[in-house]
Amino acid sequence: MGTACTCGGELTRKLEELLQRHRGQPGALIQVLHQAQNIYGYLPKEVLKKVSLTLNVPLSRVYGVVSFYSFFTTKPKGKHQISVCKGTACYVRGAGQLLNQLQEEMGLKPGDTTDDGEFSLEVVRCLGACGLGPVITVDQDVHARLVPARLKEVLDNYRQASSNK
């Protein structure tokens, strides 16, 4: 999936409204970046430049904040975010096998998005569901005690739901 920004139309209007509310307010940088990422799903370079100019914050500082905090991303994400827990409890219960299967079947590495823009994959240290491992989340949905044989079915349900929209 490309990293080109589709910074037009409705998304641009929402961003402009956000920026106008915070014009000249450097202290609002993190809040504005969060909201901009909610609008676009990621932070395109063009958006970072607009934020810098509007808030009167050096572009280097904007990039510094975005690269420091792990919840910001400059890469487009898929419609569905898959998080594989690799905490100790999940790992010893087979999370590594789930991750390998995801990588092989979807052709993804952690941090990547499928070519069709459907799924993004990330590895997390702990999802806080240690007694239910191995655990993955897809978006905000927790899938506990997941085994490789059920993984394809889980992902197919999300594909189906997306195609029905």
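Glycine is treated like the rest: Cβ placed from N, Cα and C.
Per TrEMBL, the feature [2Fe-2S] cluster binding site maps to Cys85, Cys90, Cys126, Cys130.
Overlay of TrEMBL annotations on the structure.
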residue: Cys85; record: [2Fe-2S] cluster binding site; DSSP (3 states): strand
residue: Cys90; record: [2Fe-2S] cluster binding site; DSSP (3 states): helix
residue: Cys126; record: [2Fe-2S] cluster binding site; DSSP (3 states): coil
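Take the mean position of the Cβ atoms of Cys85, Cys90, Cys126, Cys130, the recorded [2Fe-2S] cluster site; other residues of that chain with a Cβ within 8 Å of it are Lys86, Gly87, Thr88, Ala89, Tyr91, Ala95, Val124, Arg125, Leu127, Gly128, Ala129, Gly133, Pro134, Val135.
Cβ packing within 10 Å was compared across the binding-site residues Cys85, Cys126, and the lowest neighbour count falls to Cys126.
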